[in-house]
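According to TrEMBL, the feature compositional bias 'Basic and acidic residues' maps to 322-338. Annotation source TrEMBL lists region 'Disordered' at 314-338. TrEMBL lists 12-32, 44-66, 87-107, 144-162, 168-195, 207-230, 236-257, 264-285 with the feature transmembrane segment.
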């Protein structure tokens, strides 16, 4: 009963993180629009990303030092410093995310924002495929249907009503979007893999990831916009600074989802934020909501619901077969030995069935955001 209650609390906490992350991501889109002047950004995007990564690092470091007892904190730091391979691994997702951002800007040079937003949602499919190869995380048929529904909803929500935005460069745009989706899947999966393979607190993992992100983003700004370094904050208005703060919060929440759930859930969280953004845009900017948009919202939420439904799994025959073989092999032993072996085999079967749940519960109880 105690385990059931703890597990229920863990899922409620995770659901709360997902809801908050969805709202925060929607706020990022709205504030980004409000920060524009005559539909253009007067501030440097590269500098904005650099400051965002620095703020993320400061927040994560503060949380790590505040929430981790001194003895454990020193033990974690000493252990981490003496594992240079693990330190270097955190640079992989940071570098990949920089590639994601650069590829997106290239895509925008070949297509309008609406078409680009539709095309980049290929990452939902590529992430699911990469997850199967990396984590052997086999999706059920309902989950694949959920992916298709969500992707179709995202496409409908981004497709221009007139259909006039697609021209002869569509093939190039699709190719760039496929590269973007591949980078996005690789970045998300590598981040999830690194976060889950180490036993360090999530805030410590975040701090390492973000200091890499800060360094790579700063290097990107130096290479792509060297002149802006003379006055890095030129053009920053109130909404631009709000974008930095909200983006920092969004990154921390997404990393929590990566730690406690998986990359596909992160993508669905992004999909839900699109739905929220549609209604916020109507309320704030008066953007009309056409029937096509409403149908897209229905598809996305149906996909979310379908993906989240519990799957009825048939019992795995392998542990039972192993238990029978163990009992036959123990016939020449004492009765006590046979009982011990039977109990052990049953525990192994239960652990094999509940491995994912135990991992999730252990992660959540270890360190909650």
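Placed from the backbone N, Cα and C atoms, the Cβ positions cover glycine too.
Sequence-distant contacts of the transmembrane segment (236-257), counting only residues of its own chain at least 6 positions beyond either end whose CB sits under 8 Å from a CB of the stretch, comprise 14, 17-18, 20-21, 24-25, 27-28, 31-32, 34-35, 37, 41-43, 48, 51-52, 55-56, 59-60, 191, 195, 202, 205-206, 209-210, 265-266, 269, 369. The largest share of C-beta pairs under 8 angstroms with the transmembrane segment (44-66) comes from 207-230, of the ranges 12-32, 87-107, 207-230, 264-285.
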